[in-house]
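Some features that TrEMBL has for this protein:
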ACT_SITE  B:H447  active site, phosphohistidine intermediate
BINDING   B:N51, B:Y480, B:R576, B:H604  ATP binding site
BINDING   B:R387, B:R417  Mg(2+) binding site
DOMAIN    B:13-119  domain 'Polyphosphate kinase N-terminal'
DOMAIN    B:343-508  domain 'Polyphosphate kinase C-terminal'
DOMAIN    B:515-686  domain 'Polyphosphate kinase C-terminal'
Amino acid sequence: MKLYASIYIGSYEIILKVFQITQKKRLKELDCLRTPIDTAQDIYASGQLKKETVDRICNVLEDMKRTLALYRLTEDYQIYAGSTFTAAGNRLFAMEQIKLRTGMKVLALSNSEHRFMSYRAVASQDNFDAMVSESAAIVDIGGASLQITLFYHGKVRTTQHIGLGTVIMSENMKRLSYMTNHKEQIAQMMYKELDAFVTMHMQDVKLKYLIILGDHVSTLMERAVDDATREPIRMEHYMELLENMRDKTLQSIIREFDVLNDHEELIEPFLMLHHAIAEKLPAKYVYVPGVSVNDGMAYHYFAPKHYLQVEHDFDQDIISAAWSIAKRYGSYQPHLKALDKISTQIFDATKKFHGLDKRQRLLMRLVAILHDCGKYISISDASDCSYIIIMSSEILGLSHKEREMVATVVSLNRKSLESYDSMADRFSVDEYMTIVKLLAILKVANALDRSHRQKFKNIKMAVRGNRLHITIEATDSIALEKGMFEEKADFFESVFSIRPILRELRVFE
Amino acid sequence: MSKAEEFKNPKYYDNRELSWIKFEHRVLNEAKDKEIPILDRLKFVSITSSNLDEFFMVRVASLKDMEHAGYTKKDIAGMDPTEQLCAIGKEVHALVEKQYNTYNRSLMPILRKEGIRIIGAYEELNEKQATYVDKYFMEHVYPVLTPMAVDASRPFPLVRNKSLNIAALIKSKHPNSKLQQGSKQELEFATVQVPSVLPRLVPIPGEDDRYTFTLLEQIIEKNMAQLFLNYDLVCAYPYRIMRNADLSFDEDEASDLLKEIQKQLVKRQWGEVIRLEIEHKADKRLLQVLKEQLAVSGKDVYEIAGPLDLTFLMKMYGLSGCDDLREKLFVPQKNPRILPGESIFDEIKKGDIFLTHPYETFDPVVDFIKQAAVDPDVLAIKQTLYRVSGNSPIIAALAKAAENGKQVTVLVELKARFDEENNIVWAQKLEKAGCHVIYGLVGLKTHCKIALVVRREEDAITRYVHLGTGNYNDSTAKLYTDCGIFTCNENYGEDATAVFNMLSGYSEPARWNKLVVAPIWLRDRFIALIDREIAHAKEGKEAYIVAKMNSLCDRQIIEKLYEASSVGVEIYLVIRGICCLRTGIPGVSEHIHVTSIVGTFLEHSRIFYFYNNGQEDIYMGSADWMPRNLDRRVEIVFPVEDDVIKDRIKHILDVLLRDNLKAYAMLSDGTYAKMSRRGKQAIGAQMTFCREAMEGAKEETTVWKGRRFIPIWAFDEEEHEA
């Protein structure tokens, strides 16, 4: 029997969940402790976690140890702090204090990782793949921002971050409350932001499903959309529910939906936001799965161990998101496809020499797919532009650090490599080495399709001795490729100690 | 007036205190029932006496507080506190009169005939007895007495709450002695407490009776003069006072709840005097002193025609050699599913188990904890404890479990009235053993009865849950009728885990699978369930509600029941005690039938049945339909879903409703009367259940369970023919 506990320090709550893998390789929630904390309030008030909040976190974690002990969980648990916590100026101090006082190690999630955890949980639901196979928008609503991921025909089209969140809106409302029409103003701003998303990304999309995720206050929505089966409901029904709630007073909402009134000031902005989203993303069905970061953590923990039934293919999401970015910036796709293929071939052939893993292979593919996107803005400045584009494109499933690594490899494609010292502020030595290795592969692969004309057929790779033999069949002159090749091969050799050798089998048709 | 407003009319409601007094009359009627053996009848008198004490300390005291505070809000029946106190005073006087009439005129003669004598006045002792009594006084009583006189330098002493005392007027023997010069020639007041460490009933030599007793206060009274040797005794009479004992403290300010309650316990005896009982025909001057010094008004004085404080009669119940004067004790039967020595967990796995106490023994519940304590697979035990028995085996098992390394979480309700001292002791004992003890919740009493055992089994964590209507108290489980179920259904298990997480201070779960929990969800659920019957009745479908509980006094629920009755929902209520609802009001409550069963066992289970257009929803739990249960306590009401158990509960309700032996029906004038039995077979619910339990326990080997047939190969002739 496999057990695991996830502890999540969220914007409003600390949640502990204990999970068990059932015989059918399903995840089952055994126990759940949740208790309110003021992370969000602290951050929006001062950017710092207050002493009282840190004390409370320590006390709660200390108490949660009892539950961990009950299930005899000594190793199989993790504590993640959400992106609100991570946004605190004093997060490192807080984490250190927690470690010293409770002996528990907290892992801080960046925004991307945080969103991915929620996404992971919803994507592991049974009906998810069927929903995204047509079209679906996943909206993850947080305190400071919301994130929309658009699926079209099973593929991620885009992930966008919008600066609209329940806490931010409630703060704005308080700030502007002296104005008589402050609510309309805030509503207008909200609609404008959402409009921008719709015009940019949804012109040709007829949305079938709207999937809504979010922290604590979403309990309200889960209770409102009360059906034990947790099936999607029709948009009209959903709108009716929202309308109903808007007509009610705060107190009666609290009473009727049994929400704790810890965060009652958030209810109004919460309703406004949900209403605006439903209006601007008019799907046929609305799905409120009621899963949390904790569930995502469990999937994340168990998935690599193969304890669970095969779940959604998250790598494919990342790849399709990358393709979507490449298309958006008009990259020449046949070249990208060739490059994707060649670079993975090199990667696979030289495994022994680079020692990189499956995840880094995925990064390699991203590098290949995205290496050209900056040309959309400036051909001469493509490196820097690519870097900026990648850094500002959310790719669901990729951590912030991974994204930065991909962007850095791409930006170095046409520049000379910087020394580690100049990058030490951003990357660890291991990360730097990964960047260098991916860069070396990219350069060789890119040289093989220098003309962007995919002249090679049947590329074969084999390592013999300290050489990487790349055998190609070409139908055309490959003089250009050959000329560029040696320079790239030098760099490759300096990194891996093996030299790529290009062997040509000329094919005449 | 709209229909809804109409249902609020105070004249459709009974005052809860007055309704309670009616219940006491029903209990007292048992003492008058000639069918019942004499010692049992005495027991009922004793019960009314102790009930009345509690009633004064809690209810009357709280009304007095309201009166003092100038609180004039009217109750459900439209009476303000002063009006209620007046009415209560009148009714209680009548009740007490009936109590002593019964004692003196009905019970004493029978007792006498059976060879048991209680000499209630020392003047009636014969010479031999008098000598014995005097000797007893000097040897046993005199050394522990503390007589106290009152004069200018010695203020009126503190008379302890509920203690029995003797007041006396005394006069100095030497009015002209030099030493006494200057003191006025007046009567002086003195009082002495009848020691509670000595037995109240003192056996004395009799003639050829089985037993002869006299009362301790009579022995003291007889020798009163010995206590004041320099004085002449003018008169002496026993008296007893009742003080305000309602604990009302601000929990928010108590940093440590435990300390606060301990503090309150000391304070309790200092409360205001709300009742003075004194032997009737007491000296007027003496009574006057008491009234003045204790600040008691005339209407709170009860002149008693017999021994004060009849709770001593409970002691007579256990007299040895008198089995013929007692109802034969019913021995709780084994539950056919649970065989001693077998694993309870294995049996629960086969299906939910239903228990009915006291017809079936409480042992399985104790064994549940005991087995969990030593089971190597058990990870944790969590339980709520409200009132526990002295020397509770459950406490011992929990402590043992903690010592065995199980995680034990216990919520001990310190606020269980009159049990605080007791509970603090258990709580500390458990804590010492390593249990995690929660001392109740701020502002709420934890009244729910739930126990959870978490077990790590081969392929999964399994949760075993016991849910009940009665306390985890093995002594009262022999006297109170209660129900309980064992289940390992995950839906209940998840909810049970959530309940304990909530009790540990964590947030409520996003949803409950099965349990309905007060104070948050329960009221709404009941209202919704009644509303559903209303809807069905309006659609012309059959609509029934049957509910059994201890008390019904929640205004909102009663209004809802009136509404239901007015549209034709048939409502049958079996309510042991207080019922503020009135039956038979045209257009309001014609379809409501209230019965009350007072019997050998105290009716205690709470069962709620809703017809639901044939779907039949049955709930059981710890809550009555009282505001305190629905709003100020943590209660659990749970649905019963197993079809076999549902059938059994339906049978229980059916028998209760057909009871025509012990049941009283509420009449349209608000009074209660025994059911008419004309031409019908007499049915006593408690007797029926006793008989059925005995039959059930015998049946165990022949009941076919499971799916596999078990052939009996070597059957004999007789069985074959049958």
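Here the Cβ of each residue, glycine as well, is placed from N, Cα and C on the backbone.
Features per TrEMBL, on structure.
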residue	record	DSSP (3 states)
B:N51	ATP binding site	helix
B:R387	Mg(2+) binding site	coil
B:H447	active site, phosphohistidine intermediate	coil
B:Y480	ATP binding site	strand
B:R576	ATP binding site	coil
B:H604	ATP binding site	coil
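Within the set B:N51, B:Y480, B:R576, B:H604 that the record links to ATP, no two Cα atoms are more than 16 Å apart, and one pair reaches that distance.
In this structure, B:R387 is the one among the recorded positions B:R387, B:H447, B:R576 with the smallest number of other Cβ atoms inside 10 Å of its Cβ.
The residue listed as 'active site, phosphohistidine intermediate' and B:R576 (ATP binding site) are 19 Å apart (CA-CA, integer value). If you take every residue in the domain 'Polyphosphate kinase C-terminal' (B:515-686) and average the pLDDT, you get 89. Sequence-distant neighbours of B:N51 (ATP binding site): residues of the same chain at least 6 apart with a C-beta under 8 Å from its C-beta are B:E24, B:V27. Annotated pair B:Y480 (ATP binding site) and B:R387 (Mg(2+) binding site), C-alpha to C-alpha distance, rounded: 13 Å.
The Cβ of B:H604 (ATP binding site) has B:T469, B:G470, B:Y480, B:T481, B:D482, B:N550, B:R576 as same-chain neighbours under 8 Å, each 6 or more residues away in sequence. The Cβ neighbour count for B:Y480 (ATP binding site), using a 10 Å radius over every protein chain in view, is 19. Other residues of the same chain near the ATP site, with their Cβ within 8 Å of the Cβ centroid of B:N51, B:Y480, B:R576, B:H604, are B:N550, B:G577, B:L602, B:E603.
In this structure, the C-alpha atom of the residue listed as 'active site, phosphohistidine intermediate' lies 9 angstrom from that of B:R387 (Mg(2+) binding site). Residue counts for the domain 'Polyphosphate kinase N-terminal' (B:13-119) under DSSP, helix first, then strand, then coil, are 81 helix, 5 strand, 21 coil.
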